[in-house]
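*Asks:* Handing you this structure, nothing more for now.
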Amino acid sequence: MATEDKAPRKQEPLTPELQQQEPVEPRVTQDQAYKKSWKYIGYRHFSRFMSLHENFGQVRLFRTLNSRVLLAMQDYISELETKLDKMEDEMSKVSGPDLHNGSFRQETSAERMKLIWEIQKRLKAYNEYILTYSQLSKRRPVYPIDTQSVRNYLDSWPNAIKEEETAYLDHKDDLVYISERTDSFIGRRFRPGPSWATTGAIRSRRHRRSRVADDDDTTAFVMDGTFIHDAGKVEELYQWAFVILGFAMLISPLWILVFVTAQIPRLAIMTCFILAFLGLVSFVTTARPFETLAATAAYAAVLVVFLQAQGP
């Protein structure tokens, strides 16, 4: 007899007790992170902190070392230049053979061509180094308040980064921003780019390190003390303040001059407002010196025209 094919039995799901449970990684508390910040914080979170705001991105320019490297490159090229000169002096002697020194296509010395290409390679590296360094050296120096913010973060997590590896912050005169800054003098403090870090942006959080993170990041509390303001609102506030102040600078002297008839007081009033306008344009905007003087001259011309229109 033929045996009937039996349909495979459906396997019943395992009960929760029989299922293999994957171990759940416990969350890191602030207390644990504070005691072992070298393990839980380290460069991973320090790098995140530096990327939060352009004020925190600070590195050394190594001005002294860059100058020394440039001098070494320059000296080596000078040696090659001297070697080439001596070689051509030797090939141009009256007592020597008649060698053609006026053609690359009919070059008679392979050694000379090899030296020329070596000089080309060294000059290319030298020129690129100068261009790169000259661009970096134009970066604004780091303001002490921004360096202090980085120090406050590091103080909040002792030993997160080895002390000798944060010593670059001690070279205050050698620090530059990673991102190029184009802010005005006042804008550096009140409108520093896409977002705004408050004075003393990073504050100690030792009194809160017992709290546990409540999201997917097991160390989400690392940035608790970092305050970044809304860039759009700060930008809008800054623009409105500048517009109102500029409008006041234009209208106020006109109303004041209407009620002053003596020439000397009028001249004094105009001088004060012109100086105030010059300071406003210099410190609040990013205008260059000649642009500042041109704007001030136009402002002074408006006041003079108004004064002449009133007559003696």
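Each Cβ is built from the backbone N, Cα and C atoms, and glycine gets one as well.
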*Asks:* For the record in TrEMBL, which of the ranges 1-30, 181-210 is the region 'Disordered' one?
*Replies:* 1-30
*Asks:* Along the domain 'DUF6594' (43-304), what average pLDDT does this model show?
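*Replies:* Its mean pLDDT is 80.
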*Asks:* Same chain only, please: residues at least 6 beyond the ends of the transmembrane segment (292-309) with a C-beta under 8 Å from a C-beta of the stretch. Say none if there are none.
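*Replies:* For the transmembrane segment (292-309), the nonlocal Cβ contacts are 249-250, 253-254, 257, 266, 270, 273-274, 277-278, 281-282, 285.
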